[in-house]
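Listed features, source TrEMBL:
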type: REGION; residues: 1-22; note: region 'Disordered'
type: TRANSMEM; residues: 56-73; note: transmembrane segment
type: DOMAIN; residues: 63-500; note: domain 'Major facilitator superfamily (MFS) profile'
type: TRANSMEM; residues: 116-135; note: transmembrane segment
type: TRANSMEM; residues: 142-164; note: transmembrane segment
type: TRANSMEM; residues: 170-191; note: transmembrane segment
type: TRANSMEM; residues: 314-335; note: transmembrane segment
type: TRANSMEM; residues: 347-368; note: transmembrane segment
type: TRANSMEM; residues: 375-397; note: transmembrane segment
type: TRANSMEM; residues: 417-439; note: transmembrane segment
type: TRANSMEM; residues: 446-465; note: transmembrane segment
type: TRANSMEM; residues: 477-494; note: transmembrane segment
Amino acid sequence: MPSHQRGEHEKHLSEEVEETHTATDVVTEMSANELLQAYNAAVSEHQLSIRRSARIGVKAIAWMSVIGLVSIVDRLNETLLFGFQALPSFQKEFGAVVTQTNTTLKWTLTAKQQELLNVLPGVAHILGLAIYGYLVDRLGTLVLVVFAVFLAFFAHNFAMVLAGTTLNNAILAFVSAIAPAWCLELSPLALRPYALIYMQFVQNIAQLIASVMCQSYANSTSRWAWRIPYAIQWGFPIPVIIATWFAPESPWWLVRHGQNEAALRSLARLHNGENDDDQMLALIQYTVVLERALAVGGTYGDVFKGVNLRRTEVAFMSSLGQNLAGFALAGGTYFFEAAGLSASNAFSLSCGSSGLSMVATILAAVVIKKMGRRGLWLGGTAAMCIILAVMGSLALARKQTPAVVWPQGVCAILFNFFDLLSLGALASILTAEIGAVNLRRKTQAVGLIGYDVSALVSGAISPYLVNPDKANLKGKAAWIPCFINILLFIYGYFRIPEIQGRNSEELDILFERRVPARQFKRYKIDREEEFGLRGLKDTGCLEPANVEPVATLV
């Protein structure tokens, strides 16, 4: 399309979707000076570079680093749950003999046992997330995270592994949900994706710790070989509780509950004095009032109404896609074993995969700045589709020799690398960012339920696809997620919007105007009009010199 036609098309699109309320229509609770302060804060947010944001928000970075450690508790438990299923000691104690020679016996968990271990804790996690959405609105993030980690410390049950894990997962659902939204609301706009990627990095550290612990006992058949790694988890919750107890509450949560003075004190604990906290408080108030005027609501029912449904869909699908992208490859160590590798080699590959995952997460912080959320989704699903096709093709060979099996393991590691580089990083970012402020925690909870639902489906079906006594597909199972990634690419092209650089107030406007996903990046917002300043200047309520030039986003 020629440039002049493209410009006319974008102008027509802007006129077509801009049939919505401006700030002068919907904001009646704020004074002219408060509106001006909110406007200045919005302009300032977009003018701050990453370096200056880091300097101003150095205390916020420190607190986010502490809060991110909360994720260790949940991911460590999740990784160990899958790792135990591949430990010979665990298989010997709870599994059944599948092969027998003159000198050795080989045990494995039955498909039914794996299904129970994968499904019941997942159901408990979903129930925990549903409860979290209500509790966090009433108790706040600080109280709930201390409560959740404290209970997680005492929830382990060695006598009944399944019951203990199920109870543990219900509590850990709070932990997995709280930290991303908390970090998001403490972070300056320019640092938000990096804060959420840092949390993914912390989770990768926990995954690596769990993999190393399991690998250390991969050749042991002692009953303590799986109990010792499980017990080591107990060392993490106590320091996390102590550290997070002193963290500041989210100023967004405080404003929504009418505690403006407390919110101002919380902002002061996050900045070094260079930032105007009164202006930031005004912007938070403006966003909360705007959503109230737009009838955003605050219940789970509101999450599925009007434009909120579209936002919930993106959160749900981003989390769903993170898991479905690797469908049938869940529980990587066990999959490596099923594909033909020994337990020791399988755990070695798993450790290597965990280490490479940390590299992928660090690179995601760089790549997401260049490609954006939407570009990373499309590029990641395309890359994973190619890798899985290669892996599935290798598995079609008649003789599965080491020369064929090992490349499949390498493909699995490369897949995990690109998964964490793209959908893995995006899932936590989109679920935390996409929701309206008043519904952020509930939208996030629904999104995380999408992750759990896909984990349940994959956990229930995968054993029947790869187990030696069932379909025994081995590496051929890669064709299933290959096809799923094609569908995820198509979905992302039409439904995933580019929200990079957009704050909460802008997202409210874009979704309210029903801007198509492919137009989010180019759509322009007239700030003076949205904040009602143009009309105030015309009436003489504000001096034009006191208002900064119009800031539009491209």
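Cβ from N, Cα, C; glycine included.
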- Restricting to the same chain and to residues at least six past its boundaries, which positions have a Cβ under 8 Å from a Cβ of the transmembrane segment (446-465)? 111, 114-115, 118-119, 122-123, 125-126, 129-130, 133, 173, 176-177, 300, 303, 312, 315-324, 326-331, 335, 427, 430-431, 434, 471, 473, 477, 480
- Query: Given the transmembrane segment (170-191), which of the listed stretches 56-73, 116-135, 375-397, 477-494 has the most Cβ pairs that are under 8 Å apart from it?
  - Reply: 56-73
- Task: Look over the recorded stretches 56-73, 116-135, 375-397, 417-439 and say which has the most C-beta pairs under 8 A to the transmembrane segment (477-494).
- Result: 375-397
- Task: Determine which residues of the chain contact the transmembrane segment (56-73) at the Cβ level, with the cut-off under 8 Å and only residues 6 or more beyond its ends counted.
- Result: 48, 145, 149, 152, 172, 175-176, 178-179, 182-183, 186-188, 191, 195, 198-199, 202-203, 205-206, 233, 236-237, 239-240, 243-244, 247-248, 269-272, 274-275
- Query: Which residues of the same chain, at least 6 past either end of the transmembrane segment (375-397), have a Cβ under 8 Å from a Cβ in it?
  - Reply: 321, 325, 339, 364, 367-368, 404, 407-408, 411-412, 414-415, 418-419, 421-423, 425-426, 473-479, 481-482, 485-486, 488-489, 492-493, 496, 498
